[in-house]
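Engineer: Found this in TrEMBL, in case it helps:
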BINDING   ARG192, ARG193, GLY194, GLY195, THR318, ASN342, SER530  CoA binding site
BINDING   GLY394, GLU395, PRO396, ASP418, THR419, TRP420, TRP421, GLN422, THR423, ASP507, ARG522, ARG533  ATP binding site
BINDING   VAL544, HIS546, VAL549  Mg(2+) binding site
DOMAIN    29-82  domain 'Acetyl-coenzyme A synthetase N-terminal'
DOMAIN    88-477  domain 'AMP-dependent synthetase/ligase'
DOMAIN    538-616  domain 'AMP-binding enzyme C-terminal'
MOD_RES   LYS616  N6-acetyllysine
Amino acid sequence: MQSLLRENRLFPPPADFAAKAHIQNLEQYESMYRKSVEEPEEFWAEAASELDWFEKWTTVLEGEMGSAKWFVGGKLNLSHNCVDRHALSNARDKVALLWEGEPGEVRKITYGELHVMVQQFANVLKGLGVGKGDRVAIYMGMCPELAIALLSCARIGAIHNVIFGGFASHALVDRINDSQCVAVLTQDVSYRRGGEVKLKAIVDEALGKCPTVKNVVVYQRSTVEGSPERKTPVSMVEGRDIWWHEAVATASAECPPEWMDSEDPLYILYTSGTTGKPKGLVHTTGGYSVGTYLTSKYIFDLQKDDVYFCTADIGWVTGHSYVVYGPLQNGTTVLMYEGAPNWPDCDRFWRIVDTHKVSVFYTAPTAIRAFIKWGDAYLAPYTLDSLRLLGTVGEPINPEAWMWYHTNIGKERCPIVDTWWQTETGAILIAPIPGAVGTKPGSATRPFFGIVPEVVTKEGEPVPKGQGGLLVIRKPWPSIARSIYGDPDRYKSAYFSEIPGSYFTGDGARQDEDGYFWLMGRVDDVINVSGHRLGSAEIESALVAHPKVAEAAVVGRPDEMKGQAIAAFVSLEEGHEASDALKQELRQWVAKEIGALARPDDLRFTPTLPKTRSGKIMRRLLRELATTGTVTGDTTTLEDFGVIAKLREGDE
Ligand code: ATP
Ligand code: MG
């Protein structure tokens, strides 16, 4: 029985894990949590004091939800806290970035080396006239220079705008123009699935339509020792483009960090676009630093010897907060991998884990569902015995996938932290503290320190435990985005007008008797059948629990009789055939798992589901398809447009 509504398995923190953890039992978590909500200023001041400040704040928290300011008057620099703080200590020779290229090259960069590289590149930016407050677009693949690009911007106070390296040139144009970037940092090529991604050529194509860009710095990725010889020549525009390696060769290795005000902008990042057109969220320096530092420390329980591998691309917020800023502030060794999980074969991640002795592994449900689909044989050659903690983020994780992760990757030994958060929240808001809070498959469990989530009605009234509703956050927290770039009104209306006084997450949730939160999917994706509200996650998890189903997406379409009818899109595990009999069996299965009400009216088999490039199912496109038979909505962040065409064909 793996339906979300009836999930009642509880996995207490393993005793040997808890014994060495930062937070070792439930009492400790609860007393820290109590302090964090009853005396937030004391709590956050203590946390912030673990970082370096050039000037201390005068007030910890000023203002209300929607306009709150944190660590007011404080001066700091995030690149200093990520790099200098460790480079100038006895951690100088510790590896900061451990990189593996897709073709197999390995680079190890210590905190001391990173300190030099960041200062040199920061000076290159300064030499181009880039200064505090200027926007810089970064369009690169996963390589150490990408992290260095972010840190160098942060060092001089330039606002970075990272654009995922898988986007096409029109997405680049939109984002560069929306934030009026003065420079673009890119690279010649990056490698994915054995092929070249021609990043510089895509930048060239975009820049004809981007009048604000004055300079382009190009990192030569293809010359790393052991790389395949570059096939595509790169054209350099005289007076606009410079090579990274040439520029740093003559740059001074001394660049004192800019003293940033706590509320000075740090970066702009566009959301995944799962529900609509992406929004450029603005994060600021002080609160974001403290939030990503503290969540990394406690939720990933980072320890001195950890080798930490977050599989997210830096193009997403997960990469910003949990590849770069959070773990580096903690002085952690961060593993970065350039390419695809199934290149040259489907065991690539496990090979990386065993080779580099990865101890903390953080990935997304979409990846876990792919591992399951590929089959357990890919795990057989690996011990995975360096792992001690696993994490997941991005979508609700189906209990079936959680159990697979727990058994096959965690070997029933590693706690799983299911981390719920958003681009807007900057840092994780709901997740188990692994040495203290027992886990339940499919639940993000309990709030992080200082976070007061509540499940409410449309009117903002609390709903009783066990019932579904809207997830809101009642109190301000340090790392919340301060604005939508260029559109402060949309910021107010999207997040603070729906339920006055609260932050509106846009997600549906339910809280159980133990106070655990269960994310039920987007509010927009809630299906209303004859007056009953069903979360997409519930029905999908029931389908995925069927032994033949790998992945499922469920949407509502208008129905005269019932208000909404349920349309399910199902992809099968390897080796199973689609058939009418299976269709009926699956419809029955859902009825048995959840109730007759949840039985899908239509059920279609499909080899793949439409997803964003960060791997999230785009239900809005499926909803449109199920309703009108076609798709006209924004598809700029869709991974593969061919999926829609195939689904349409399947229709006829
Ligand atoms: P857009 O806001 O542009 O539609 P998006 O919401 O997918 O895109 P992100 O900020 O990357 O952009 O994703 C945050 C969302 O991802 C959350 O609101 C939630 O729906 C989902 N999510 C993230 N982590 C989890 C999790 N652990 N459990 C359930 N849902 C999650
Ligand atoms: Mg969102």
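Don't overthink the numbers, they just go from 1 along the chain as shown.
Backbone N, Cα and C atoms are what each Cβ position is placed from, and that goes for glycine too.
What's the neighbourhood like for each of these?
Structural biologist: ASN342 (CoA binding site) carries neither a helix nor a strand DSSP state and counts as coil.
Cβ neighbours of TRP421 (ATP binding site) (same chain, under 8 Å, six or more residues apart in sequence): VAL393, ALA427, ILE428, LEU429, ILE430, ALA431.
In the three-state DSSP scheme, VAL544 (Mg(2+) binding site) falls into the helix class.
Here the domain 'AMP-binding enzyme C-terminal' (538-616) has, by DSSP, the following mix of helix, strand and coil residues: 24 helix, 27 strand, 28 coil.
A sphere of 10 angstroms centred on the C-beta of LYS616 (N6-acetyllysine) encloses 22 other C-beta atoms.
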Engineer: For the binding-site residues listed here, GLY195, PRO396, which shows the highest count of neighbouring CB atoms within 10 A?
Structural biologist: PRO396
Engineer: Which residue among the binding-site residues THR318, THR423, SER530 has the fewest other Cβ atoms within 10 Å of its Cβ, if you could check?
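Structural biologist: Counting other Cβ atoms within 10 Å of each of the binding-site residues THR318, THR423, SER530 gives the minimum at SER530.
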Engineer: Using an 8 Å cut-off from the Cβ centroid of VAL544, HIS546, VAL549, can you name the remaining same-chain residues around the Mg(2+) site, in sequence order?
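Structural biologist: Filtered neighbour residues, in order: GLU400, ALA542, LEU543, ALA545, PRO547, LYS548, ALA550, GLU551, ALA552, VAL570, LEU586, TRP589.
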Engineer: For each of ARG192, HIS546, count the other CB atoms within 10 A of its CB; which of these binding-site residues has the top count?
Structural biologist: HIS546
Engineer: Could you measure the widest C-alpha to C-alpha distance across ARG192, ARG193, GLY194, GLY195, THR318, ASN342, SER530, the residues recorded as binding CoA, and give it to a whole number of angstrom?
Structural biologist: 50
Engineer: May I ask which of the binding-site residues THR318, GLY394, PRO396, THR423, SER530, HIS546 have a CB within less than 6 Å of any atom of ligand 1, listed in sequence order?
Structural biologist: GLY394, PRO396, THR423
